[in-house]
Amino acid sequence: MTDEEVLAEFRSCDALLEGHFKLSSGRHSGHYLQCARVLMNAERAGNLARALAQKIPREIRNKVDVVISPAMGGLIIGHEMGRALGKDAMFLERPEGTFHLRRGFAIEPGARVLMVEDVVTTGLSSREAIEAVGREGGEVIAEVALVDRSAGEVDLGVPFFPLIDISFPSYAEDEVPDELAAIPVTKPGSRS
Ligand SMILES: O=P(O)(O)OC[C@H]1O[C@H](OP(=O)(O)OP(=O)(O)O)[C@H](O)[C@@H]1O
Ligand SMILES: O=C(O)c1cc(=O)[nH]c(=O)[nH]1
Ligand SMILES: [Mg+2]
């Protein structure tokens, strides 16, 4: 899929939002990609996951033992990636603030993990999720995401293959432009 085709999918289901958003990192932005709306259609979610799987070089794809994603945003795309690769898909949660496996999920010692995210902006959530896999005994060999909002700038410490690169501006709390500050802010994500 080309970048334009992927963005057309987002636009077609009103998932490319404009307004004033507080992101997971605490930064502010006039744009938000609401991946849950894109993924609410199972056929579209499957198509996107298969396109994303094609972004992973074959030599890495062939090594993946299991797929893991950080809830909530990574959950559906992680599940569909598991289907695309024919691997189990588990998810990390952070009810007390730190990602870990729950619900009886466990990783074989040394298992090679593909991390799957919906969006990467600063990469903070991804790095926390990658660390969590290490604590659980696995090794993240690569990450994929539907969207890289850092436009290729982020360093996750593992090879990273997004479906699309986008660079929407984001601002620290004390640098929000007046035009943006004038719009009531919403915080769509679930990090507290
Ligand atoms: O690269 P970052 O700056 O960390 O931002 C990206 C993260 O933010 C969103 O999750 P969020 O924490 O909003 O929670 P959710 O997945 O539960 O919606 C998104 O799903 C990524 O996990
Ligand atoms: O950085 C984020 O929290 C974020 C940005 C975005 O565009 N979409 C999203 O789901 N999360
Ligand atoms: Mg998330």
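Note that Cβ sites are derived from N, Cα and C of the backbone, with glycine treated the same way.
Annotations in TrEMBL come from automatic prediction, not curation.
Matching Arg61, Arg83, Arg94, Arg102 to the 5-phospho-alpha-D-ribose 1-diphosphate binding residues that TrEMBL gives (Glu117, Asp118, Val119, Val120, Thr121, Thr122, Gly123, Leu124, Ser125) identifies Arg94. On the 0 to 100 pLDDT scale, the model's mean across the domain 'Phosphoribosyltransferase' (46-154) is 97. In this structure, the binding-site residues that sit close to ligand 2, with a C-beta under 6 angstroms from any of its atoms, are Thr121, chosen from Val120, Thr121, Thr122, Leu124. Highlighted here are the binding-site residues (Arg94, Asp118, Thr121, Arg149) whose C-beta falls below 6 Å from ligand 1: Asp118, Thr121, in sequence order.
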